[in-house]
Ligand code: TRP
């Protein structure tokens with residue numbers, strides 16, 4: 001059976017972009033067609049300035065939201081990365097396979113480290129080695145497929161390179177994974193800046209709908225979304241990025257396709273109102289389920305405990321094999 005691995009980083013509250021762009025497909029499609037693991041990758045949240053309490057809260061919240069979004073612990077494995085030591089163990093071995101030049105060429109590293117230096121800050125070494133830890137996440141489980149957005153495909157390519165290199169040098173140990181862009185996902189852009197992705201770590205929250213935003217907050221953000229010059233509702237990503245983003249969100253929430261929906265609305269205002277209601281309706285059951293799960297913390301803890309146990313069982317044989325293959329003396 002195909003094995004799938006993907007992760008969410010607890011660096012901010014999960015957004016509508018995370019849900020429509022990834023998590024919904026994990027819940028509706030991936031967990032049913034494959035042997036799937038979904039991880040709250042908390043070690044990755046330590047690569048930039050962080051507040052320990054906040055990371056802890058966001059990790060718990062992300063795990064709870066994954067379950068509220070429909071990930072079913074009977075169908076897939078949901079766990080927190082730091083609960084499974086194999087990630088860090090394997091990451092070190094892969095650091096001995098990767099080169100520093102390879103790391104410095106990573107686009108995300110170049111962008112994030114430049115931004116940090118501009119602000120006069122220092123760059124954590126883990127920001128540079130982050131893609132190696134990500135490769136360890138994937139290779140430890142022998143994942144065939146890694147459903148990620150296009151900002152992560154370079155990291156998955158690196159995972160492939162490291163798997164192939166390790167196998168060539170030390171004998172066949174790892175499955176060579178590939179990135180699989182989600183088939184049905186919507187590309188949700190920031191409501192205030194439709195040229196950039198609706199990401200959870202964006203500076204201001206005005207253009208971002210969070211999964212736990214109250215209905216009135218959702219409405220307000222969508223009604224205040226920037227639109228484009230002119231008055232006609234048209235789906236044209238280049239000429240009308242704001243309107244097209246709303247059409248895309250509406251289609252993803254209510255069904256239909258953005259082009260088809262563009263003929264239905266007479267004005268930008270009408271489109272915004274319809275989109276706001278569609279998002280509120282989409283989020284209602286998820287928020288209800290989240291509330292129930294928050295009221296039952298023992299259940300969530302048990303799911304994560306069992307998830308980590310299952311993940312550990314899957315990862316340990318592969319990571320142990322890598323230790324042997326690379327030349328480390330087995331303990332007696
Ligand atoms: N780097 C990913 C992101 O920023 C998160 C991630 C970490 C991940 N490890 C992973 C995704 C392994 C897929 C597979 O979104």
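Any Cβ shown, glycine's included, is placed from N, Cα and C.
Looking at 182-186, 187-191, 192-196, 197-201, the range tied to motif ''KMSKS' region' in TrEMBL is 197-201. Segment annotation: TrEMBL labels motif ''HIGH' region' over residues 10-18 (candidates 10-18, 19-27). Long-range contacts of the motif ''KMSKS' region' (197-201) within the same chain, counting only residues at least 6 positions beyond its ends with a Cβ under 8 Å from a Cβ of the stretch, are 11-18, 149, 151, 187-191, 207-209. Most other Cβ atoms within 10 A: among the binding-site residues 11, 18, that distinction falls to 18.
A Cβ distance below 6 Å to any atom of ligand 1 is met by none of the binding-site residues 18, 150, 198.
If you count neighbouring Cβ atoms within 10 Å for each of the binding-site residues 137, 150, the highest count belongs to 137. Around the Cβ of residue 188 (ATP binding site), the number of neighbouring Cβ atoms within 10 Å comes to 23.
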